[in-house]
Amino acid sequence: MHTTTRTLTQHKRIALVAHDSCKKNLLNWTQKHKEALKPHILYATGTTGHILERETGLSIQSLLSGPMGGDQQLGGLIAEKKIDMMIFFWDPMNAAPHDPDVKALMRIATVWNIPVAINQSSADFLLTSVLFEQDVEIDVPDYEGYLKERLA
């Protein structure tokens, strides 16, 4: 597939997601980085978003809870280029009933080439990168070209 570029602006649209057993870790991480996150637009799946907003005072756009369709909503926002990066604290030791949704979410994040952190260490690296606070060009699928080829 051919690619084109997309600009992630200095004010990022960040998805915050956590499996149930990791919500406390994500909350602690978010509290630690509250000032760095404040200028950005934050999205989260339902339960996580409500917890983060209540406990940190940050403005969070809460979607549905992950198992109720929130992972799919988030995937749609990524495909529409409305999410720039994702912090997803997931639990590799416990299966979740919505694992297929999680796999689909990770696949879409990979297809659209957004930065993804899957634990505290990788989230720290993303947030402290010099690229975090500046405009960044990333390669993304050339959907228009893809569509033209398919319809030719």
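Backbone N, Cα and C define each Cβ position, glycine as well.
Database features (Swiss-Prot):
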type	residues	note
ACT_SITE	Asp71	active site, proton donor/acceptor
BINDING	His19, Lys23, Thr45, Gly46, Thr47, Thr48, Ser65, Gly66, His98	substrate binding site
DOMAIN	6-152	domain 'MGS-like'
Other than His19, Lys23, Thr45, Gly46, Thr47, Thr48, Ser65, Gly66, His98, which residues of the chain come within 8 Å of the substrate site, judged by Cβ distance to the Cβ centroid of those residues?
Val17, Ala18, Asp20, Ala44, Pro67, Gly70
Cα-to-Cα gap, His19 (substrate binding site) vs the residue listed as 'active site, proton donor/acceptor', nearest whole Å:
11
For the binding-site residues Thr45, Thr47, Ser65, the one whose C-beta sees the most other C-beta atoms within 10 angstroms:
Thr45
For His98 (substrate binding site) and Asp71 (active site, proton donor/acceptor), determine the Cα separation and express it in whole Å.
9
Do any residues at least six apart in sequence from Asp71 (active site, proton donor/acceptor), in the same chain, have a Cβ closer than 8 Å to its Cβ, and if so which, in order?
Val17, Thr45, His98, Asp101, Val102, Ala104, Leu105
Report the largest Cα to Cα distance, in Å and rounded to a whole number, among the residues His19, Lys23, Thr45, Gly46, Thr47, Thr48, Ser65, Gly66, His98 that the record lists as binding substrate.
16
What is the three-state DSSP composition of the domain 'MGS-like' (6-152), stated as helix, strand and coil residue counts?
72 helix, 29 strand, 46 coil
